[in-house]
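Asks: Sharing a structure with you now.
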């Protein structure tokens, strides 16, 4: 493979892969090339020098999320494959195709969302490769091939232990059971029964090896059988190639089969019964020092195995016999021999050996002496006599081991046969799908006979695999019309010849050596050396004399031949057959049935190798008779932990699994296959003329290749096929073209930058010069201006100095004059001031005495008033606080509502009275305060008057006094009194201020209390309103409960004698069986309804029809016949009202059919509707009857009410509304009672409600079912019509590359291309428009139209969104733009349809709209998880966002998806969510339920006037229908 992938054109700057001992391959950049030596700068920082032939080119344009099919890789080589698997594994994409081979990497974590029922539904019938790789896709291909071609198929699951083979097998069988559709066999499906057999087969067929603690030591081929209809009819488990030698010989640190250790860990009574002990006491187990497995309890597994045996169908007696045989094998291994008395004879070695020999005979229920003779002697039959020959101890040991291996092999075969009988096989089945689960290639430090046989098996399977891969390659080349005659087939037949060729193969030489008693492993090895010394696949190690190596397809394996002869010997000894055939245990006898006569007469040599070869031949014959499919399971790490990818380990598994061999086969032909579109997009720049011309894609690709001069390529019908290395050459040339273009662009940019720099520099120079000249002129101007200013300053300064001298002289003269005049005035002023002061003192003293007396009196009055008001305010505050505490809570109990209302009313009255009292007290207090205020004002006025009089008297006294006032001697006593009075006045002022403050506080509290009282008053009024509403609700509920109870009792009594409509279809009945959560009907609530739904027959119906009814006479029967004949016709509509519904309703109301106990008119109407809608594809008829049925249902809903039962006391039960008729009639009382039945010609709302009997209620129920049925049929028809278009709308059709190139005809071409792009979307819009027009023309209620289109848009959302998440090619930028354009068409349709008919349909597309919005948004790496999940895509879950983010690829601009940090955060959130019980599926479910109830329909439809509806001509002239004629005004 390396040589075929060797690069032929690596240049400096190329990105390449180079080998690394730690991570297998590491990428780097070529820095230097010296001949065949290349110097590479690796990404880990190291510089590595390697040979040119040892490096591989790296595809830098590979998608960031990898490719789902590795044949799409530009470079199909080891590092490319490994890197692609690693990228996908990091994104939790565990499945990858290589052609039609599926590679499955064990995630070591639960991923339930990719295995649920939604995922199985998506892959059912999907073409292979259309959706993401999955094990379901392989199973679906196998199933479809079996059904279509009638040929059996097989699925080969391989991989080393721990790679997930068993889990993959489970998923395969689960999906096949899903497709096959077989229900249950004895309570368990076939798949379950097969899986339940696993613990038994693992206990007896699995063992610990060096690499795995639970390695299968046999191959398992599960056949799932199908009948002619494709349903599972049976299954069988075939086992192959059991490693029999392990029973007797094991190497350290391996273990023998699990069953031996399980039995040794059984309960004590079991151990005593079988005389067992610790495993180390038995020879067959103590050859290895490993007896227990870490973290595994053999005792627990023993119980689990016994339980599995019970499930499989093994009786207690059979289980006891099985473990008795297992114990016998352990004891048999402890029987040792020594030389006997005779020559070359042998006998049991000691008492211990005799004990074990006796125990074996006891357990097998055979004779001890016969057992000893069978082990130590041989019988030779000659024509003359029968000769008994003794065996030496070594031969006796070989005989013992042969017996042990034979017993164990027969026991294992019996177990498999028993399991097959339990599962049940179909002997008549001609088609089957087989699932092969077999051990993979093994290579250990010590490889013995077991590894030789296993690797021989894998060589055979690899040859089969190679042939299949080559066949697929041939089919691909033939399909594309490629010449492949010269391509060599990679085969491993030479290895198979080396092993199995007869004579002369290794197996034949081994059998030959085993036939000679004196042969040893040394002689056998020498024989091999001599025979195969020139064979290129056989290698003789230099440091060993007995080892040999074989160059297998997966690598060289060195075998140790020490135990080859012992492990290969498998004599068919008649003595053993006779011994166990004569056992007293029926189970043992069943293991050894009598042999054919010719076989029993001879002791023919048999070996395990030859048996192995025969079984392998049978397996290959089975596989060759089927069409194979391959699944290669890979274990990503030996730690068994998620998110750990060990490159070296996986690379070895890919080699061992043949994946790299398949790639080598592909590389022998044309490993690189590019569709024309991708090839032209990538390499069109190598020859632009091919793009400029209006060429087809194939012609353009051919011109590009011809211009390049590439050798060895071929152009197919849809792809370009390139030989190994040619892709690298094309990329190298492309890199050179891109480099030249980059250099040209850089040159242009540098020229442009230099030119810009020169222009900027020139502009700066000119600006600097202009600035300098301006500064110089400015300085000259400044000097001139300063000189003029200096002259002007000097002139002003001289003038100012002269003026200042004059002013100083003038001021000095004025100052002298002023001083003289002031002295004279000052003397006069001082004399007058002294005279006035004496007069003022005398006046103030007299005023002070009067004021003191007034203040003392005022203080006492104010103090007494203030304290009294404070006392009243505090008393009022206490009363308000007490009143506020008395407000209580309303009780919720229904029986206490009346008391609460009375109590609240009483409290309201008290509150009103208290408020009135408060207002009265407040008014009285205000009056008192006002009167006190008036008194105080009067007193103040009187005091003021006295003061005024005293002042006037004082003034007069002063004026009358003599002009010269003499100073009066003031006594000391008067001065002290004045001071005391002053202090008292100040104290009174302070007390007055305090009392004022208290009064203000009391006033403020009073205002607050008044506001609080107002709030409580408002709350009380609200409470009174609520109490009144609750009282009304209680009254209504009591009335409903009473009516429902009485109605239910009447209906139960009448239900026994009334038969329902026999014409109600099965679908209608199923529609009735819905839960009560949505308000729909449910027939599972009453057993009586089941009686009505299933017990009707024609005889009963005829009896009901023939029996004369009390409420109808013969004339009415004739009228009913005429009505039925009339409504069969298409009566059309009048004023948007369906005539049929209006006529039926009027007739039923006039005939009082709703109120009679028995009538057949309802059944006949329902029968007519059922017959009319039998043609489910005619949407016009369905819309017509949907309009009529919904209108009639509305009329019944607003007219009928359930009748009560006389003499029955109503009982209140909450559960009454949960019954069928409880829910059905709960809405009968929604309209107020009307006026009169005579007002039939008016609107529906003017009619009184009619008490309906059971037939009317049943009729309404059946009519409801038909409305829902017709609605579902219309919706499903529209879904069927648009489903094929949706599959085409999710991915943009590819356009010719020529249309993307500039040219004169580009606009015309683009217009046509745009029309072609949206053709599928326009088809959907056309279907929606036709359906809308059909519904509108039949006047279907807009409410139902909205519901239809809401569910249709939800269906579109689910289908497009699920397809987007399952197909990576759809998650591209350009495809997002395409779907966005299509969604715009749907939005435009919603706008044209208006909200009346489209409703919220556009909102139902929220998932696909947000997903598309994510695809087309720019700068995704800059978006944070919070922005994405809360702003851009708030509706999408983390699983859905993770799926889109990892599958996104930009085919237009080459941008990347969101940042790795966002991806890591999404993983953390998904891990946390995986612990919840909520499904982790990223797919959406389609809701096909009925999204409305009768109440919803009734509330949405407007009032219907039926009085002026003209009857049809058929009944217009009939006098019996005169009531249908409109009344004249």
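Positions of Cβ are set from backbone N, Cα and C atoms, glycine also.
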Asks: For the record in Swiss-Prot, which of the ranges 534-557, 558-581, 654-677, 678-701 is the region 'Actin-binding' one?
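Replies: Of 534-557, 558-581, 654-677, 678-701, Swiss-Prot gives region 'Actin-binding' for 534-557.
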Asks: What does DSSP give as the helix, strand and coil breakdown of the domain 'Myosin N-terminal SH3-like' (11-60)?
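Replies: Output for the domain 'Myosin N-terminal SH3-like' (11-60) reads 3 helix, 30 strand, 17 coil.
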Asks: By a simple count of other Cβ atoms within 10 Å, which of 159, 162, the binding-site residues in the record, is least packed?
Replies: 162
Asks: Please list the DSSP helix, strand and coil residue counts for the region 'Actin-binding' (534-557).
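Replies: The breakdown for the region 'Actin-binding' (534-557) reads 0 helix, 11 strand, 13 coil.
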Asks: List every residue in the same chain as residue 165 (ATP binding site), at least 6 positions away in sequence, whose Cβ is under 8 Å from its Cβ.
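Replies: 157, 158, 159, 437, 633 - these are the non-local Cβ neighbours of residue 165 (ATP binding site), listed in sequence order.
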Asks: Among all protein chains shown, how many Cβ atoms are found within 10 Å of the Cβ of residue 219 (ATP binding site), not counting that one?
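Replies: Excluding its own Cβ, residue 219 (ATP binding site) sees 21 Cβ atoms within 10 Å.
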Asks: Far apart in sequence but close in space: which same-chain residues, 6 or more away, have a Cβ under 8 Å from residue 216 (ATP binding site)?
Replies: 161, 202, 205, 206, 437, 438, 439
Asks: Just how many other Cβ atoms lie inside 10 Å of the Cβ on residue 213 (ATP binding site)?
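Replies: For residue 213 (ATP binding site), the count of other Cβ atoms within 10 Å is 17.
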Asks: Secondary structure at residue 165 (ATP binding site) (DSSP, helix/strand/coil)?
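Replies: Once the DSSP labels are grouped into three classes, residue 165 (ATP binding site) ends up as helix.
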